[in-house]
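*Asks:* Dropping a structure here in structure tokens format, bear with me for questions.
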Amino acid sequence: MTTSHPIATPNSTATTSFTSTTPPYCNESSELQLSNGSCVSKLDVQIYTVTLLRNRTSNATVVAYALSYYLSSLANSNLSSNPNYILSPVEIDGYVDSLSNITLGINTNTSFIMVQQLNQHSNITTIGATFTHGIGGQVVNTSNVDDVTNSFSSAAAIISNQSLTGVTSLNMLIIDIPTTYKNLDTSSNRTLASSVIIVAVQRNGSDSTPMNISLYFQILPEYQPTIEADYFCSFYNTTNLIWSDSGCTKPQYNRIFNRYECSCNHLSTFGLVWLPKIVICNTSTDVQLSNGTCVSKSDGQILSVNTLHSNTTNSTVIANALSLYISSITNSNTTLNSTYTLTVNEIDTYLSNISNVNLTINTMDSILIAQPVNQGDNVIVLGASFRSGIGGEVINNLNKETITNSYLSTAAIINDQSLKDITSLNILIIDKPTTHENIDNSTNKTLASSVVVVTVQPSGSTSTSRNISLYFQILPDYQPTIEADYFCSFYDTINQIFTRYECSCSPFTSFALVWLPKIPLTRYLNAQDIASLIFQSISILCFIVIIIHGLIIRICKPSVSIPARDLLPLISCAVTMILFIFYIALAMTVYTKTSSENQTSCFLSSSVLMFFTYFFLIFMFCVKTSIGYFNYLRFVYLFPPPSYRRLFIMLVISFFISITWVAFASGFNSNSSFQIT
């Protein structure tokens, strides 16, 4: 039956309609019992409470109770949560911080919410809260603090008295099993191991006193790592979307109460997180498995290849095996087993087979990410970066600028417009790609950088133009010993600040920076140079013969004169011959004075000759254009016949056009960044 049930508070009531059953027949895995004893679907409660909270009700009591019911609706449920009605950590932080002008404590076996006005009793001050797994929580004050710290509570937070100076209200929320917080951090691989504690205060004025909060965490049975782990007392950084231990001490294990204890100097969302325990392996001979144990690199290579060749469809297994394979063949002082070597095409294929996961595998040798593009909270995954000897990092729209302005060795960033129809992005960056070193036997191109492999999972069959930006530093191990030209699929520019090459490409595949020996500046004339100089010299000699022939006729036959119109071709040829003379002079000067094949800067005489050559080259085209236009007026337009005065004016204009362009070129040449000479 359907009845109207309230989410009741001491001071107000929010009412909605739920489908309920008669108590006491509540199914704890799918139903939640309201304060009036009625049972309602957990999914209905989740949707209603989230809607109520997002409507920005100003009633602090309603907000507190809605939060409590929301957390209860998520706990131990066998129903699939509606992803549109999941509160983000930022939202929960905001709701806890907004609670003011009330005093209450809401205690359930899934969470504890406390809003306490401080100094409400003369000798007793509220200083924190505690929670016992599966049972409930209570307020911690100056009278019971010793009992709390000497108990087996699963989570507790206690603020020092000195830190509460100027604080009028203390707000705390402890979530027993924080399902939605478990896998928040996809970039640093830190995993939640405990309950979550959210702390906020209301201050009297703008005075800010340094905080000192003591935290106590037991590892929850549900979150117990299956491998050896290192634990970190952390807070959730809502800006970078990672668990960070900044401002927090390293947790100390208390064997008596089976808990970890630490302190932080700020307030936030706190939890105990873990990473696989770092086992020091001999990196030249051993590789670390996902369970933390060390095996020989040859065994790791065989194990990873056998796993991949087993045709497993488990994306997590494929990703871990790929990462293990890369680590096994990198910097190994043992001979690689050719039987267990993956081809470049196989690596691409295995990466593309990873789907429906949200993972990051980061080692000193590679980073592999396979993540949904849309991470929620307006976070869009754009790519990945790697820094040699340190590791990699996921790039999203929030940290893109920070990462690209750092000294990374390799990065791949996809334009957000290219991600519109993509559901999942897979990227593998191999720091020292041993198997990619000599795969090109036809063009002589040699690898100079790390390798980036990119695949995507499109949402449909539509094909959208892709654009990926790539950043490469030349690896010291692959540094050419000679001058080289570098090539990316579409080479754009070299970034001088970060000493890296940058380019962009349209397809998604395996990317790298490769090089070919640089074509040197030779000190000798090749066949093309010699042929060019010979024919230019012949042209000059022919022109001289024509001039001499004309002078001889003029001397021998004074009565014979050359009409002005016959001088036009001679003027055109004269300018061309002068250009040839300066070009020959420039060529001979450069080749005879170049002292080294590695010389890159021009000396003064060659620069002067170069600008003269520029001038006569431009002047030649302008003169030929002027004469051509004059002949057009003379033979096509006909009437009235053109005057030679007009031709003279056009030749003068040609001169000034030429000298102007050369002046511009000379000015640009004075700035070395234009690299004219």
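Each Cβ is built from the backbone N, Cα and C atoms, and glycine gets one as well.
Okay, so TrEMBL annotates it like this:
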type	residues	note
COMPBIAS	9-22	compositional bias 'Low complexity'
DOMAIN	123-280	domain 'GAIN-B'
REGION	1-22	region 'Disordered'
TRANSMEM	533-555	transmembrane segment
TRANSMEM	567-591	transmembrane segment
TRANSMEM	603-623	transmembrane segment
TRANSMEM	644-664	transmembrane segment
*Asks:* Can you tell me which parts of the same chain pack against the transmembrane segment (603-623), counting only residues 6+ beyond its ends and a CB-CB cutoff under 8 A?
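*Replies:* Same-chain contacts beyond the ends: 571-572, 575-576, 578-579, 582-583, 585-586, 589-590, 593, 651, 653-655, 657-659, 661-662, 665-666, 669, 677.
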*Asks:* Using a Cβ-Cβ cut-off of under 8 Å, list the residues of the same chain that are 6+ residues beyond the ends of the transmembrane segment (567-591) and lie near it.
*Replies:* 522-525, 529, 533, 536-537, 539-540, 543, 546-547, 605-606, 609-610, 612-613, 616-617, 619-620, 623-624, 627, 630-631, 647, 651
*Asks:* Restricting attention to the domain 'GAIN-B' (123-280), give the mean pLDDT.
*Replies:* 89
